[in-house]
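What Swiss-Prot annotates here:
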SIGNAL    1-25  signal peptide
CARBOHYD  Asn27  N-linked glycosylation site
CARBOHYD  Asn70  N-linked glycosylation site
CARBOHYD  Asn116  N-linked glycosylation site
CARBOHYD  Asn120  N-linked glycosylation site
CARBOHYD  Asn126  N-linked glycosylation site
REGION    137-157  region 'Fusion peptide'
DISULFID  Cys313-Cys343  disulfide bond
DISULFID  Cys322-Cys333  disulfide bond
DISULFID  Cys358-Cys367  disulfide bond
DISULFID  Cys382-Cys393  disulfide bond
DISULFID  Cys416-Cys422  disulfide bond
CARBOHYD  Asn500  N-linked glycosylation site
TOPO_DOM  551-574  topological domain 'Cytoplasmic'
Amino acid sequence: MELLIHRSSAIFLTLAVNALYLTSSQNITEEFYQSTCSAVSRGYFSALRTGWYTSVITIELSNIKETKCNGTDTKVKLIKQELDKYKNAVTELQLLMQNTPAANNRARREAPQYMNYTINTTKNLNVSISKKRKRRFLGFLLGVGSAIASGIAVSKVLHLEGEVNKIKNALLSTNKAVVSLSNGVSVLTSKVLDLKNYINNRLLPIVNQQSCRISNIETVIEFQQMNSRLLEITREFSVNAGVTTPLSTYMLTNSELLSLINDMPITNDQKKLMSSNVQIVRQQSYSIMSIIKEEVLAYVVQLPIYGVIDTPCWKLHTSPLCTTNIKEGSNICLTRTDRGWYCDNAGSVSFFPQADTCKVQSNRVFCDTMNSLTLPSEVSLCNTDIFNSKYDCKIMTSKTDISSSVITSLGAIVSCYGKTKCTASNKNRGIIKTFSNGCDYVSNKGVDTVSVGNTLYYVNKLEGKNLYVKGEPIINYYDPLVFPSDEFDASISQVNEKINQSLAFIRRSDELLHNVNTGKSTTNIMITTIIIVIIVVLLSLIAIGLLLYCKAKNTPVTLSKDQLSGINNIAFSK
């Protein structure tokens, strides 16, 4: 009867989830803005992690000493092999404990201090650990150091004398207890007794008292199943150097996870949200190796607390917007760089530029505020008016018109330039649309794939409403001669300022050139005038000379009487 109830509940839950998915996806709307080559997908709701909840899980172990399983029977060999695995796992955990983040005091946030602690402690390790594992450990810590700081702080306290016994005593008569640790932090602790009870009450009596005579294979299978959790936990901690994510079902079973969620100090809506999205919760959770002592394996489980839920969220998709009326190789391009997830949060907007860090389940967006930037609500104006005066919208510029496509929630943005062939296709009808040069958008209704050159994109098949907002591409407002290229982290105002600087420089150059030309013209006029004056003077002098010469030549010669006499005639004198 109980199984039937569980199956009925599971079927009901599945139907409810499917109904929720269909209903929520139909509420998604998408607006494409032709002027900026961008699209906004709306209709999502937030689940933002704002804190962490830490709990301590303890797995009680058995002290297995020498066993009497030395027979040749297959079942005996299997039991002995499984017992050896158990003891090896315990030994591996004991060695690993000396190299955990808590043991080596790596709970600080700063990356340089993480590195110093890691280098110093790995030098002094007496445990033989490969260099590959050390590098992986260091890199992992640098990546998640801030996220797991609270969990490591709890894990460190468990290394203090008496802390494990304090937890054991609190769990003597119950499987759960709130324990106040030495640092003043109270944590919920849970114990797992399945493995210890099976070994002590079922397995060891057979092994030691009956000389390991096993009558059926079921005993072997039962022990393997019981032992698998410890072996897998050991493997995960060993491979991941003591810190694992996501949270596996070996670290915390589904029933244990749901029970832990129910005990968290959060609202019923938050509990309902987490309980219905356990896979997302696991992806954003951590388990941290702490200590193995007093026949107890203790590790910390760190779960996300979603402090902001049910506020509107939207996703911005952007693609390059380039000119198309200029010869090939001379086009200019502009791309919005503010793509990502946005969620309303206490009067402002939480912006998640790395959209892949957010997980989407139907219309619910699970994001970590550690990966967010806080922006004013005016940032939304960039979608409808990129030149608005209240928020400086972010863009990048280039002079490389690369064709590409961006898959959105309800369609695809296609940036098609040059000689690239861009098409949209239906799996049954083939190509149904060929895109011309420029930025365009296609809905997923009747479209299965988008092809840009040799690249094929599959569109999402969510249902919703599409809106195509037409407008003049803003790139056409810019002059290619003064448009700044390769501005990878800029804004509209910065680009416009550089354009104004370029225009001012051009105007100044024109003025200088004009002044130079004016000076040259004046000089030329003066030189020409001087030359003309000189020529006129020379011509005047020549004219006067000629006039005097001609006048002198035309005057008759008159002789005196003495000159005409024979005596005084010079012609006869000698």
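Counting starts with 1 at the first residue shown.
Cβ atoms are placed via backbone N, Cα and C, with glycine included.
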Length of the line joining the Cα atoms of Asn27 (N-linked glycosylation site) and Cys422 (disulfide bond), in Å: 30
Alpha-carbon distance [Cys416 (disulfide bond); Cys322 (disulfide bond)] in Å: 9
Pairwise Cα distance for Asn500 (N-linked glycosylation site)/Cys333 (disulfide bond) [Å, integer]: 18
Rounded Cα separation (Å) that holds between Cys393 (disulfide bond) and Cys367 (disulfide bond): 23
Listed disulfide-bonded residues (Cys333, Cys393, Cys422), ranked by Cβ neighbours within 10 Å, top entry: Cys422
Distance [Cα-Cα, Å, rounded] between Cys367 (disulfide bond) and Cys416 (disulfide bond): 33
Rounded Cα-Cα span from Cys313 (disulfide bond) to Cys416 (disulfide bond), Å: 29
Alpha-carbon distance [Cys333 (disulfide bond); Cys422 (disulfide bond)] in Å: 18
Alpha-carbon spacing, Cys343 (disulfide bond) to Cys358 (disulfide bond), which is rounded to whole Å: 11
Spatially closest candidate among Cys313, Cys333, Cys382, the listed disulfide-bonded residues, to Cys358 (disulfide bond) (Cα to Cα): Cys313
Rounded to the nearest Å - Cα separation of Cys333 (disulfide bond) and Cys382 (disulfide bond): 18
Model confidence over the topological domain 'Cytoplasmic' (551-574) (mean pLDDT, whole number): 52
Cα separation, Cys382 (disulfide bond) to Cys313 (disulfide bond) (Å, whole number): 16
